[in-house]
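> Take this structure, written in structure tokens, and hold onto it; I'll ask about it next.
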Amino acid sequence: MAGQAPPDAGPPRPAPDRDPGLQPERTRLAWRRTTLSATAVAVLAARQLLRSAAPGPVEVALTVLTGLLWIAFVALAHRRMQAMATGRPPGLSPRAALLLVGCTLALALCGAVILVRPGH
Amino acid sequence: MILTEGLRSAGAAVRLWFSPARVRAEGTTPDYRFSLANERTFLAWLRTGLALIGGGFAVDQFLPRLHQGLRVTCTVVLLVGGALCALRAVNHWVRCERAMRRGEDLPVTRFPTALALGVGVLAVAVVVLVLLGRTT
């Protein structure tokens, strides 16, 4: 077709305020999936407690701790997801990565303590 | 000899987790897209760990007729596996970030193979236990 411009002759591209490959968006969705996984684990950990006939103070304390760990996890993820709003987000801070892993380990530990408590 | 070497490299890796400034001081900042891809890989490993931990809770809560000792063993194995995956997530992330900054090849590990084999063996074991009806 005669009147059509060649594909690479468009106007000069402006400085991107978003990534053309949608990398931040994909990363944000990965964070979202991760918080969903953490939520499922926290719910299962809480259910572990509710199954014991008469929850004692240790069980209640562990459940509260599980809830706090979940809140910390989601809050960290939320902060990172907000950073994904820009076209070129800064890198993940190692401290945040360590905190997230720490929350995960503590969730597992809470579940293990509830599991092996005598009388469970 | 191999053991002490392994322990030393593990110690160096753990020190690296806690000294992010040292990682940032090395090499040049990679393309942000590569860092984001590394971050997504980290998250995928973290989800793998979370899935194993959730699987551990599920074994304990949804197989009530399994013999208690077997059930607790399966659960603890899954919880420990999940914890290892989470630790591996941060370790691999730091090592990849450092390799990208230095312009080196990305680190290769046997961990995914070991994890796949472990999960496969455990799944077969649980299926056999459930089919045999190892009740209390």
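Any Cβ shown, glycine's included, is placed from N, Cα and C.
Grabbed the feature section from TrEMBL, which reads as follows:
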- B:33-99: domain 'DUF202' (DOMAIN)
- B:42-63: transmembrane segment (TRANSMEM)
- B:69-90: transmembrane segment (TRANSMEM)
- B:111-132: transmembrane segment (TRANSMEM)
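Any idea what these are sitting next to in the structure?
Away from its own ends, the transmembrane segment (B:42-63) comes close to residues 71-72, 74-79, 81-86, 88-90, 92-93, 115, 119, 126, 130 of its chain (Cβ-Cβ under 8 Å, at least six residues beyond either end).
Cβ atoms under 8 Å from those of the transmembrane segment (B:69-90) belong to residues 17, 42-43, 45-46, 48-57, 59-60, 63, 111, 115, 118-119, 122, 125-126, 129, 134 of the same chain, restricted to positions at least 6 beyond its ends.
Residues 48, 52, 59, 63, 66-67, 70, 74, 77-78, 81, 85, 88, 92 of the same chain, all 6+ positions outside the transmembrane segment (B:111-132), place their C-beta atoms under 8 angstroms from a C-beta of that stretch.
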> Need one number: mean pLDDT over the domain 'DUF202' (B:33-99).
91
